[in-house]
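K.L.:
Take a look at this one; I'll ask things after.
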Amino acid sequence: MHISTIKTAGSSGMSHMNEAYSSTTATEMVARGAGSEIIHTEIDSNGSKELAPNGAQSRVQKPSEDAVRAPYDYIRTLPSKRIRETFIDALDSWLAVPAGSSTSIKSIIGMLHQSSLMLDDIEDDSTLRRGKPTAHTLFGTAQTINSANWVFVCAFEELRQLRGVDAATVFVEELKNLHCGQALDLHWKHHTYIPSVDEYLNMVDHKTGGLFRLCVRLMQGESSTSCHHIDAERFITLLGRYFQIRDDYQNLVSDEYTNQKGFCEDLDEGKISLPLIYCLAGSDPTQIMIKGILQHKRTGEMPLSMKKLILEKMRSGGALNATISLLKDLQDDILEELKSLELAFGSGNPMLELVLRRLWI
């Protein structure tokens, strides 16, 4: 069938309208004043729309998605521990989210995570992701950005499957938080600004905590239990901090991270990580020297000798020990908060505790 809409045209527009009206079996008109011209929108039998300007025979066919999704499909094939999916399953033992909603939330969180990885690798100028070439080195920077943006839209499309009345609001709030946190991280790197530990933690609460909060808030909105209102924000905040600080630490000392991303890759990208903040918390000659290295670093890998020098200063100056000490404190705080949640929900959650303990350093 034909559906007619209106666009502004010349003085003969009304005759076009009348002709369209008389020749169209089903017509929907949106009047915008005198002087208008018809554009026909055809809906075929399977519901897809094709545009035929001014009733012309040519139609705009739906484009293939092969190119736009190629970088996304590639990064999905890379090895993953699927921690976020397991985290959702563990929380579900408390929140009893309907199966369809749980599947949608996993899909939404997964798409947002993969999209952020593609963009992070571009912003960090990374060449390796989980031991494989990053998406933008294979498909090009522009195509990878476009694919990541498309995936964000797909995630919002999947959001419409949820029943929670506040789902869209929650989605927008936490994505704004995530991008604001990422902006701080990029700003500090660009200007070689060394933030305080409190500033750093605030950034992490937005950048890393945002996706965890989104996950929990969406699940609470879909929960079929009377416990959906229980406040888990402190638990999620601590978990987000642990994830990010653990990543900072492992990037410098883990052989697995070296194999997957390269030796001390955070130094290559100029990232202002927590160990680096601890290392530069002063103004002795060594700290001034390291700041100078960071300020004059150019795009690309930092020389291996410089990375080894900075890593040694982190060890000898106590920065790595301070980082691992904070991680141990966070582990204790997270387990304590887990016990509080178990009391609030009225049941234990051994699956969630197992997920957490697998992350411990």
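A Cβ is built for glycine as well, from the same backbone N, Cα and C atoms used for every other residue.
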K.L.:
For the isopentenyl diphosphate site that Swiss-Prot assigns to K81, R84, H113, which of the candidates R59, R130 is also assigned?
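P.N.:
Record source Swiss-Prot; matching candidate: R130.
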K.L.:
Which of the three DSSP-derived classes (helix, strand, coil) applies to T208 (dimethylallyl diphosphate binding site)?
P.N.:
coil
K.L.:
Of K81, K207, the binding-site residues given in the record, which has the fewest other CB atoms within 10 A of its CB?
P.N.:
K81
K.L.:
For R84 (isopentenyl diphosphate binding site) and R129 (dimethylallyl diphosphate binding site), what Cα-Cα distance in Å is obtained after rounding to a whole number?
P.N.:
18
K.L.:
Measure from the CA atom of D120 (Mg(2+) 2 binding site) to the CA atom of K207 (dimethylallyl diphosphate binding site) and give the result in Å, rounded to a whole number.
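P.N.:
K207 (dimethylallyl diphosphate binding site) to D120 (Mg(2+) 2 binding site), Cα-Cα distance: 11 Å.
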